[in-house]
């Protein structure tokens, strides 16, 4: 009975360590009741999974793969969402955990002599090993985070796949080394573990720097584009303001002319001539200069498209670069499709109760397939849209009413 309780205690310590690392890396506050309930429940599952562990390589790899999968589910339940970066949190903890196991085995063998039988039993040596390994894993990750070697949420939102893939490569390599190390404890194994640790840390740092540079370049490019579009929009705004000023100045003259031609019943023709420029104006005012400049530029870029707008975003506070990227790509995709049909695009952007809604509608010849028969540029636009929506944990869904396609985006700001 004591042996079973100790094994459960070891699993509980593992789950607590994983939770501590998760809260530290994600910088999220998780309700204590939620941690208590999920932690207690998952430690039972972890106990059942680790009970199937053996030192046969194939069985060990299968059982640990199952543990990592359940770690991901546990982490996602704690954070309340299933996203890729949760796989990074669980995998990076497992890398640190197995590094710590290997380090403990080889250091113990170096200074005290490692006894495999005692380490696998319920002896005090096993208890010391479990607590030491978990503490080492936590300390290692805290140090790496403090040194800014581990990627932050912004980098993970941008590119989590490479970090996760490399973590799993290192994990499986460490499993093989662990099995060999337990059996033989060759000095070469210790060297390989240290070398792999250094490679892992260097890769994380280099990849983080590369992605940071990429993000900065993208931000600079978008900022430059935004400034260009806003400058063009401001120039147009000044021109329209000057035209309106002239119209106000000439209102009295127009009134006199209208009175003089009233007898000839030609006043309607004159009114149409006077206000033609105003009616055909490309000027859009939504209350957000970034949205206005984006819509203005796209109307200039696609003069053959008949745009209709429904804008209600005066109180919107949102990342300018991401907002313009969403609108640019949604409108570009819609216009390219619409030019093959009736050249009509409807745009709705609204902000109410902290929820941003973007809806872009255009006609299509047939229901599109977004997997095949799409150009590289179109595919990149969809990737950018999905990336931004996922960044803010928003939702995107597509409707196909009649011969139209409607892109709907909903983001809780």
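Even glycines carry a Cβ here, placed using N, Cα and C.
What TrEMBL records for this protein:
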type: DOMAIN; residues: 318-413; note: domain 'Histidine kinase/HSP90-like ATPase'
type: TRANSMEM; residues: 6-25; note: transmembrane segment
type: TRANSMEM; residues: 32-49; note: transmembrane segment
type: TRANSMEM; residues: 61-80; note: transmembrane segment
type: TRANSMEM; residues: 87-107; note: transmembrane segment
type: TRANSMEM; residues: 127-144; note: transmembrane segment
type: TRANSMEM; residues: 164-182; note: transmembrane segment
type: TRANSMEM; residues: 188-211; note: transmembrane segment
(request) With pairs restricted to those 6 or more apart in sequence, evaluate whether the transmembrane segment (6-25) and the transmembrane segment (164-182) have 3+ C-beta pairs under 8 Å. (result) no
(message) Below 8 Å between Cβ atoms, which of the listed ranges 61-80, 164-182, 188-211 makes the most pairs with the transmembrane segment (87-107)?
(response) 164-182
(request) For the domain 'Histidine kinase/HSP90-like ATPase' (318-413), give the DSSP counts of helix residues, strand residues and coil residues. (result) 35 helix, 32 strand, 29 coil
(request) Using a Cβ distance cut-off of under 8 Å, indicate which of 61-80, 164-182, 188-211 has the most pairs with the transmembrane segment (32-49). (result) 61-80
(request) Quick one: average pLDDT across the domain 'Histidine kinase/HSP90-like ATPase' (318-413), no decimals. (result) 83
